[in-house]
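Novice: Would you mind keeping the following structure in view while I ask a few things?
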Amino acid sequence: MALVTLQVSSLDVGSNITPVQDDEKSRRKRMQRRQSFVMVKGAALLLQDEGEPIDTREPLSSSGPNEQQIHLQSMLRLLREEDTLTLAVRLEPVRSCLTRYLLVVSSTGKSNVEETLLLGVDFPHDGSLCCTIGTVLPIWSNTQVFLDGDGGFTVTSGMDIRTFKPISVQTMWSLLQMLHKACESALSNNVISSSLYSGLIYYQSNRSSPQVCLNAWTASPDIESARRDPATPEREETERIIKLKLRDILRESDLENITSKEVRSALEQHTLCALQDYKEFIDNEMIIILAQMDRPSEIFPYLYLGSEWNASNLEELQKNKVSHILNVTREIDNFFPELFMYLNIRVLDEENTNLMQYWKETHAFITTARHQGSRVLVHCKMGVSRSASTVIAYAMKEYEWTLETAIRHVKERRSIVQPNAGFMRQLQTYQGILGASKQRHSYLWDPSSAPSLPLMSPPPKNFSSPTTSPLTPRLQKMNLRTLMRSISEMEAADTISEEKESTVVLEETTLKQNFNVLESSSNNLQVTPKRNEHVLSKEQIIQEEKKVMELEKGPEWVVKNNVLEEMKETEERELPNFELPMSLNQSRERDQETIKESSVITQGSSSLDEVFESSTPTRSPEMASYACQKIQYFEQHSEGYSKVCFVDNLQSVSEEEKVTLVSKQLQTDEHGERKARITRQQNVIDTHEEL
């Protein structure tokens with residue numbers, strides 16, 4: 001471990017800079033600022049912030065700066081003035097890129113929020129004094145870090161996935177700590193993925209690493225099929241000639257009888273050179289060409305569905321005018337990143353893979369290629385499950401098709417399509433999401449957008465209903481707000497009904513107690529007939545009723561109304577005194593005795609004083625009508641009286657029914673007495689008018 005202080009300036013320290021303007025002086029002053037780093041093997045950690053006063057005396061070194069210090073000084077030159085290099089970590093070499101660093105760069109944005117970027121830097125060789133930017137990866141709130149094992153980890157930022165592998169455990173631990181701190185800061189500040197960092201565009205526009213290094217930064221550890229690194233110009237030319245001749249030979253030969261050695265001999269005759277060193281290359285190319293003979297399937301005029309072999313066939317891609325390639329694999333590399341626009345969906349062909357979360361981006365990617373007038377190739381390993389599911393989802397959304405229609409359309413053009421069970425469930429869910437999205441403007445959710453119903457003219461007067469069954473009227477859709485209100489009312493009604501049930505139970509308990517008291521007291525009561533209540537005999541009442549009906553001038557309903565009131569009076573006068581007849585025959589005998597007594601009493605003339613002193617009714621038309629109706633009423637309701645009379649004796653009647661009958665009678669006592677007094681006064685007035 002060592003402490004290193006570096007001057008953030010150009011390497012031309014010995015050149016004389018003449019300040020001409022004030023801004024030039026300030027710029028030179030800024031460039032003379034220094035930064036201190038803690039240097040360990042393969043890593044450099046910032047020790048103090050720039051702008052902090054430090055000792056300007058540099059330590060003397062007879063050997064000069066080492067390789068790591070030279071690399072650090074070169075990397076500082078790539079940064080903007082407002083950016084700070086927080087950590088620099090050396091990574092393991094990949095392919096021909098031997099010297100690679102990952103830089104953690106931070107700065108303060110316009111909103112005073114700390115912005116963090118990851119820069120991948122390439123050096124042509126160890127002693128090089130210059131470096132280039134190979135990749136740029138921003139740290140957002142949705143950025144995640146996953147450990148891959150063997151000291152490597154993967155960083156996902158939006159749709160970008162990058163894999164890094166530091167050269168030691170110590171450097172890996174330092175880098176993971178710094179990444180965790182940056183991710184937590186972005187999450188707390190809610191730095192969304194759509195926000196643009198001030199330095200993001202600047203560094204992306206200055207990516208200048210060789211294509212081999214660019215491919216190494218985008219490589220995935222799970223890649224099984226990768227593109228070959230370019231070789232020497234002479235070997236590249238020979239391989240290009242082999243590809244062209246090999247395709248022609250395989251197209252013209254009988255593939256069932258020709259061998260690999262015969263193919264190589266035919267190539268040597270065409271190239272006029274020995275191809276002993278190219279045997280492995282020739283075998284690989286033969287397999288690729290045989291696989292590429294299965295052309296990609298044209299699902300739509302602008303969309304092809306194929307396999308990894310179709311994605312590696314440059315001639316076929318250019319012939320089909322493909323400009324965009326959608327790679328829905330984790331194990332297949334991008335073969336021509338410098339020629340085509342790529343979108344990588346790094347997923348595996350497993351049932352638990354969440355592929356639906358990427359369908360919004362894939363739809364936008366395919367739509368962009370279509371609007372540009374070009375074509376897009378969607379591929380996975382074999383063009384059967386992952387890429388096919390993505391194309392089916394695109395067709396469902398773009399053309400508003402059902403899942404069944406989209407699958408049938410794709411299978412008609414590529415019969416081997418077969419999404420796995422997990423992707424099929426996601427497609428069914430996606431169909432429901434699209435269906436719900438279509439209804440977002442429906443008046444079920446927005447009542448103001450409901451179409452006005454046409455007014456129907458009334459049917460003609462002479463319209464007669466047809467003999468056949470009428471058409472069922474169309475049910476109107478219920479408004480969502482009305483539906484929710486009705487649900488709330490139903491809940492309130494349930495609460496009220498529960499309260500009523502509890503009240504009824506309480507009332508029944510109280511009535512049972514009252515009934516027990518009444519039952520004990522009713523046994524001591526003696527039934528005494530009222531001597532002042534008299535009625536006419538049945539024969540006299542019928543005769544007088546006929547005469548009265550002939551002489552009546554008023555409406556019949558008035559007379560009946562009076563009769564009903566008198567009937568209620570008689571009933572209510574008998575019940576409070578518990579004058580309950582034991583049977584219907586006894587009740588009739590008592591009525592007959594009363595009629596006989598009344599006939600004897602009414603033979604004499606009654607004066608006005610006698611009328612007021614006695615409540616005996618006279619033979620007026622109203623009273624005669626009342627008496628007649630009274631007899632009819634007793635005959636019709638005799639069954640009801642019998643039930644009241646035998647309340648204590650009938651064993652079949654339950655205790656609850658007894659309580660109900662007695663409670664009803666008690667409630668009508670007071671009301672009946674008031675009505676009886678009013679009716680007597682009315683009868684007296686009528687008698688006075690007749691006299």
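In case you wondered, yes, glycine gets a Cβ from its N, Cα and C as well.
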Novice: Could you tell me which of the ranges 483-531, 532-580, 630-678 is annotated in Swiss-Prot as coiled coil?
Specialist: 532-580
Novice: According to DSSP, does C380 (active site, phosphocysteine intermediate) fall in a helix, a strand, or coil?
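Specialist: Assignment for C380 (active site, phosphocysteine intermediate) reads coil.
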Novice: Can you give the mean pLDDT for the domain 'Tyrosine-protein phosphatase' (295-436), rounded to a whole number?
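Specialist: Mean per-residue confidence for the domain 'Tyrosine-protein phosphatase' (295-436): 93 out of 100.
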Novice: For the domain 'DEK-C' (236-291), DSSP counts of helix, strand and coil?
Specialist: 45 helix, 0 strand, 11 coil
Novice: What's the number of neighbouring CB atoms sitting within 10 A of the CB on C380 (active site, phosphocysteine intermediate)?
Specialist: 27
